[in-house]
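Participant: Have a look at this one.
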């Protein structure tokens, strides 16, 4: 079912501290300590629940369904049980979603910008990721990363983020797996044979192609990494005008039409 990952994530969130909307990366490997400098750790009093991507000194990009009332953003994290000298913590100064009501709980356009309460200092473990300059090419090998589950449906969470390389697939592959989904503003990515995927806990994190963020982990099938059930990602390129407008201070900028 198209929304089953999100629903399962919400259920797990009630049961476990590290439970976020998606499991950990399936079929991947430990990320190098210095290759995820833009990856941020979103948590609250209940624990870790999502990831996000640092775009510049004061803006983070994540999924709208990662919205919470008491978000804290930790930057410069690798091993969650270790405190790093350059680790920094921020809270939202402002949260912006595509919906005219700023209702970040809708799943229609799963994208959210967080303006941080103070500027972030770049460091050995902290650096921004570039927005896409072009649309991703079909078949491109891209990397998704996060602290989500390593196994599914069994619950095994990592202390360090994991990475996995997957392919950009034709949107019809995901539409065949999830008949109710729209093709608007979404990317389909994974491997057709299964075994590699993002999952609960990876929500909001980046799908990186050629050192640019092309996707935001959104939803997919559950259990994760099944045959012919790729992941679904928010297509960042379709929101470039909105993202750049908001960051530039243009409060009148609008998202692509949400008429699906």
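Using the three backbone atoms N, Cα and C, a Cβ is placed for every residue, glycine included.
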Participant: Out of 103, 250, report back the residue that Swiss-Prot marks as N-linked glycosylation site.
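Facilitator: Going through 103, 250 one by one, Swiss-Prot annotates 250 as N-linked glycosylation site.
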Participant: Counting all other Cβ atoms within 10 Å across every protein chain shown, which of the disulfide-bonded residues 66, 163, 209, 224 scores highest?
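Facilitator: Selected residue: 224.
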Participant: Need this for a regression test: active-site residues 65, 110, 203, filtered to those with Cα within 10 Å of residue 31 (disulfide bond). What's left?
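Facilitator: Near residue 31 (disulfide bond) by Cα: none of them.
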Participant: Between 0 and 100, where does the mean pLDDT of the domain 'Peptidase S1' (25-248) sit?
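Facilitator: The answer is 91, the mean pLDDT of the model over that range.
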